[in-house]
Amino acid sequence: MVSIVMWFAVLVKNSGQCFKNQAAIDWNLSLYILVQATTTSLAVGSLVWVEDSDIAWIDGEVMQVNGEDIKVLCTSGKTVVVKASNVYPKDAEAPSCGVDDMTKLAYLHEPGILQNLKSRYDMNEIYAIASNGFFQTYTGNILIAVNPFRKLPHLYDSHMMAQYKGADFGELSPHPFAVADAAYRLMINEGISQSILVSGESGAGKTESTKLLMQYLAYMGGRAAAEERTVEQKVLESNPVLEAFGNAKTVRNNNSSRFGKFVEIQFDPRGRISGAAVRTYLLERSRVCQVSDPERNYHCFYMLCAAPSEDTKRYKLGNPRAFHYLNQSNCYELDGIDDSKEYAATRRAMDVVGISSEEQDAIFRVVASILHLGNIEFAKGKEVDSSVPKDEKSWFHLRTAAELLMIVDKINSSIGQDSDSKFLIGVLDIYGFESFKTNSFEQFCINLTNEKLQQHFNQHVFKMEQEEYTKEEINWSYIEFVDNQDVLDLIEKKPGGIIALLDEACMFPRSTHETFAQKLYQTFKNHKRFSKPKLSRSDFTICHYAGDVTYQTELFLDKNKDYVVAEHQALLTASKCSFVSGLFPPLAQESSKSSKFSSIGSRFKQQLLSLLETLSSTEPHYIRCVKPNNLLKPSIFENKNVLQQLQCGGVMEAIRISCAGYPTKKPFVEFVDRFSLLAPEVLDGSSDEVAACKKLLKKVGLQGYQVNV
Ligand SMILES: Nc1ncnc2c1ncn2[C@@H]1O[C@H](COP(=O)(O)OP(=O)(O)OP(=O)(O)O)[C@@H](O)[C@H]1O
């Protein structure tokens, strides 16, 4: 028998005190118990989980206990001997269909969570709650959404929205509607702005979840149809417009958003939508000029090529195969998608959003020009090192170039912001943590975002736990706050952080990625979150909260530089098309040399700062999207893949934080039910559940529990 260390903390919540605005959840006595099991007993016959190289965790039965060595017969038939510290107890009573709220699991550990998600997924139950949120406010909960890769329309129809309206969180199955509903009601009842942070890797389902949240918020905050387009219609229709210009087929997702976005929905005091704003982050610009097989460029290019003939004639377009920016890849069509229909739908959505037909024409003219620009070939010029466009056609096309996502400005001005709005619900759809074989500047920025959001999450959860324990007079002094400030300092401290050093390198003409890497090695040689991989001359590794990532610096300098060549700027500013000239307003004359330098890294850092400021004034809710397989197919749940995403999404870290406190909560009555067999005499009928719990705990002689009544 291995040592038993168990903590029991029995908390009592006085009825009414915690559920101010909640009527339906009947916590009756409002009592619950927090139980922390740091290690558990292992005896012959115990059911356990052991690590497995193929499927991450496999279950089995303990055959022999030999000190620290445990012999386990796995369900696969093989026998393994493992260290006791690597063995986790399996709950023999866990329902085979899983539980929708994982805080109800008897053991809140990695294999238990994985098993629960898998059993649910096998039954098309794609949502589950992880991490014990805070019942007082319903914030801090994490909804896990596993991509079904199949249509489940019954989950999202108007009947479903009606069901979630007004239902208490936890009363119905976990769902994005439940999260949106909780956020909406908290906003109305408490007058506090809310945010819903949706993250996950590419193809995990962030955009789909975001759309569901927006759909629900529009349903709750919509007004009766007026003669004009309503704000919520505009907000919803901004999605297809953004997708047309900012989404593309990649190997990981046929409709991948190549930018992050924060949609801020503003409400009036009566809870009706009164305005909205979209903020976007880090559009992948390089895709416009460079696409690799079998990916596609942004959808809008193919749509325009498939437009009705009067439009294609006007824009002098035709077969996408004729354009260099599209024919670098052999993929032109998408399964089940008709680009000509998408073109019409995008035009309709632009109408709804309030983009006039002249503006639409200007936008599509720019899109067409980009395709033509890509076909310009250059010939050697007369002067040394110079080149000239090969022919007249090329000169014509050179006058029109633009940056696509400026469309966002148009959407924002058209939807309109409500400057009087006191509260808002923000929905953040942002790329999750990324770690590939090669990681460049984009991954660096994405991972910085995730570090910042993780810190925000940690602080929030920790603060809430602290408040909860203080209220219950539970001693929490031993709970350590996990902080990742050191990684953030490493990346963004000014002066001296990686971004600052990168900016410095970009300003210095003789810098190369190698000199930049050398500078990093020198500066951070003793930093515990930084290392130089052996055998590499220019890579560096950061130890992120979600794991180590090695970055290749080759393109860091080029990708960080952000300027438009002065001559190009002048040319575009002079455009007779006001849409084009508006994209490149003239620069202020007096700007000094240093302020002229603008870097993507620093600008992104500022954007993040402002995002975090907004988020800090809100109560956060979390949705972690999980992609169960890389084949984008239904019914395949790859354990290792999922586990890695749970780690990267901070789910495991969140659970670790919870485990630092009291991870498992059970009502008193359940506790007595489950453990009274240890001392059946406590159920003598003379005492209530609280007293029975106390007697039980005393009887079994456990140390280290707290009872607060
Ligand atoms: N709830 C869902 N029901 C049915 N299918 C879904 C659901 N969520 C996602 N999918 C499928 O998965 C695809 C990818 O989802 P989505 O575009 O939302 O991913 P993403 O996380 O936003 O990816 P990226 O970061 O690449 O933009 C969708 O096009 C859809 O086919």
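Note that Cβ sites are derived from N, Cα and C of the backbone, with glycine treated the same way.
Just so you know, TrEMBL annotations never went through curation; they're auto-generated.
Range annotated as region 'Actin-binding' by TrEMBL, chosen from 470-492, 493-515, 608-630: 608-630. Residues G200, E201, S202, G203, A204, G205, K206, T207 make up the record's ATP site, and a Cβ search at 8 Å around their centroid adds N147, N253, G432, C625, K627 from the same chain. According to its DSSP assignment, G200 (ATP binding site) is in a strand. Remark: T207 (ATP binding site) has E243, N247, N255, S257, D429 as non-local neighbours, by Cβ distance under 8 Å and separation of at least 6 in sequence. Same-chain residues at least 6 positions away in sequence with a Cβ under 8 Å from that of A204 (ATP binding site) are, in sequence order, A145, N147, G432, C625, V626, K627, Q645.
Taking each Cβ in turn and tallying the other Cβ atoms within 10 Å, the top scorer among the binding-site residues G200, G203, G205 is G200. There are 16 other Cβ atoms within 10 Å of the Cβ belonging to S202 (ATP binding site).
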